């Protein structure tokens, strides 16, 4: 009997661990799925220090600034890249329409001081507001900015609005025809969806990214970043320029089940 117990108990323990792990994955109680997805997203970004000629740089700029949705009334502003999360999206000029958000990221510029959004934000200056969908899949749009897939915490805990520092120090790159702008994340906070104070202009250049929280979609995750470096295209590091080479990088603006469309990257 003693031998039987010694055999059965380890088997039960192993079975419990496996079952618990499967349950944890299904319910995402330990953010297992989110962690796995983030590792996959890192792999999708092609990192290279290969020398890029000036003519090749110009070709990259032209692809980045190509007007792909002008027929829908949208005007290309550039691209946003966050390599650590596999984010690479075009930027357009209307965060207040489904047409704009279905196309990719868009600048957001309506505040109490400028309710009609007449002041067009400029990369590398003031407070650049940027919005895109959170598809709650950890990979499309700005979904990867949420720390835990489909979990309110750590942003919303027992009804209290909180934040997270899990992305602090991570670089975010913005690119337009003039050059590339490197921002570094300083904080994430949670606000009500109607809070426009986060878009007020600032003296120091910063980036304010707005995305939904899941499952409590009445709130918005605000990812703040401060300007760290700027380059013109001709003198930007090869590694950084490669992040915007749409002939090798995959973009992540579209989900086939929600906003099907043609990606601008190699995919």
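Just so you know, glycine gets a Cβ as well, placed from its N, Cα and C.
TrEMBL lists 133 with the feature active site, proton donor/acceptor. Residue 133 (active site, proton donor/acceptor) carries neither a helix nor a strand DSSP state and counts as coil.
The feature active site, acyl-thioester intermediate is assigned by TrEMBL to 212. Within the same chain, the residues at least 6 positions away from residue 212 (active site, acyl-thioester intermediate) whose Cβ sits under 8 Å from its Cβ are 133, 134, 193, 219, 220, 221, listed in sequence order.
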